[in-house]
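Since the structure comes first, as structure tokens, the remarks are kept for the end.
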Amino acid sequence: MAAKDVRFSADARDKMLRGVDILADAVKVTLGPKGRNVVIEKSFGAPRITKDGVTVAKEIELADKFENMGAQMVREVASKTNDIAGDGTTTATVLAQAIVREGAKFVAAGINPMDLKRGIDLATQAAVKDITARAKKVASSEEVAQVGTISANGDKEIGEMIAHAMQKVGNEGVITVEEAKTAETELDVVEGMQFDRGYLSPYFVTNAEKMVAELEDPYILIHEKKLSSLQPMLPVLEAVVQTGKPLLIIAEDIEGEALATLVVNKLRGGLKVAAVKAPGFGDRRKAMLEDIAILTKGQTISEDLGIKLENVALPMLGRAKRVRIEKENTTIIDGLGEKADIEARVGQIKAQIEETTSDYDREKLQERLAKLAGGVAVIRVGGATEVEVKEKKDRVDDALNATRAAVEEGIVPGGGTALLRAKKAVAELKSDVPDVQAGIKIVLKALEAPIRQIAQNAGVEGSIVVGKITDNTGSETYGFNAQTEEYVDMIQSGIVDPAKVVRTALQDAASVAGLLVTTEAMVADAPKKDSPAPAMPGGGMGGMDF
């Protein structure tokens, strides 16, 4: 086992604090509408330019192991906030630094760290309760756009695009962000349920120019197994022909005689039909077929359920207003499923999302949820150069996460105002234990840190801004617009933050900072002393005169 280097009390805390400061100082320059960019060197390709706090934090690794431990703890704050709320990472870092700095001063002055932490926790709970109580539900698409705009650093186009996407696919819908091949940023919305399987034969195409098959008001046969012989299918095919409606067959595979007969029927005009393979694999395929069945008010024809293909009647088939089948994708638009059944299925998938521990499974479940709940929107981010596209994509990701959080828990006045107003609730806390009271005092001061940093990044003195907002007791939403350097009603001006983001940033910062303040010893691998290289043997041949 390698030898260890151990540091204690003040020595350990000083080193740790230096690491916290290095990371936090690099991250906090990005805060607010006038925050600066950070350029990150990449081992290959162009450097990356970003204003995303967590991206900066993840890149920082310090040479000194003890300083690095402090930096990594604060990096954990940014990562955790990013995982839960998807935004607010810089705010969380600024808060953590403020709590650790103040805490270290008190500990150096001889205050009990454990009581100090208790005070920090009490004050944090009071502030979180206050922020949650102030939250205002997001009612209009305009408010969604405002949240997106603020989080995208004042880029109105991004805010409006996200609001439009949410309007189209609903709050449960999937919105993905991709890099575009062009300079324009655009929104592409797929309504209905889409899965990545196309037609089994190009002969099913109804529009030869676009190479797509479009079926209006079709019946949908959902079959779990392979279809290779025609005989079992005849009764259901004849029943559909009688109605004069088209038929879509979704099965594990369709081959041989069955496929040939369907193609011949289609070409002769006897039956408008198209066939596609079922999406997914294994158990996931079963679940997705069941989703399609619920969406279209049909039944999955499965021998597990004791239903044989020859016994299938028309009521067992699904229905939809329209189905569009391309070479790679199939989209079912306006399935005729019962709303109550679809909602029950959505609830079931949500419960599975809560339970799963695998990120991959969670992602797949969310995709299924979105397809059932409304649709999929893709924001394609464009720019003149690759560096610009990556920087913009970071901002779109942040804005998207912020708007989701806003819809979930509501909005509060932005620009650090909500944290500053929460001081009132924290100031009411009183403890008989002086050391606990000191912890409350630390949080009181830390709650000012984000607004001070936003002001500083805008080139304004933070203390003046804090004083002016605190003195205005008439309006709870009165704050500082760093973009225009004016004092305004934050909600009316559309400067809002999601309550979830503000709450999570404070909770995560206080949690990690509390642990750092109570640190008394640090252990790291001792640096290895390299042994000197052996001397080179003398050159030439001994005993020979040249």
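Note that Cβ sites are derived from N, Cα and C of the backbone, with glycine treated the same way.
Listed in Swiss-Prot:
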| type | residues | note |
| --- | --- | --- |
| BINDING | THR30, LEU31, GLY32, PRO33, LYS51, ASP87, GLY88, THR89, THR90, THR91, GLY415, ASP497 | ATP binding site |
| COMPBIAS | 537-546 | compositional bias 'Gly residues' |
| REGION | 527-546 | region 'Disordered' |
Notebook entry, point to check: Would you say which of the binding-site residues GLY88, GLY415 has the most Cβ atoms within 10 Å of its own Cβ?
Noted result: GLY88
Notebook entry, point to check: Three-state secondary structure of GLY32 (ATP binding site) from DSSP?
Noted result: coil
Notebook entry, point to check: For GLY88 (ATP binding site), what is the secondary structure state per DSSP, taken as helix, strand or coil?
Noted result: coil
Next item on the list: Work through the binding-site residues one by one (THR30, THR90) and point out the residue whose CB has the fewest other CB atoms within 10 angstroms.
Entry: THR30
Margin query: Test of understanding: give the count of other CB atoms lying within 10 angstroms of the CB of GLY32 (ATP binding site).
Written below: 28
Margin query: Given a separation of at least six residues and a C-beta threshold under 8 Å, show me what packs close to LYS51 (ATP binding site) in the same chain.
Written below: THR30, GLY35, ARG36, ASN37, VAL38, ASN153, GLU391, ASP394, ARG395
Check: Which value in Å gives the longest Cα to Cα span across the ATP site residues THR30, LEU31, GLY32, PRO33, LYS51, ASP87, GLY88, THR89, THR90, THR91, GLY415, ASP497 as recorded?
Finding: 17
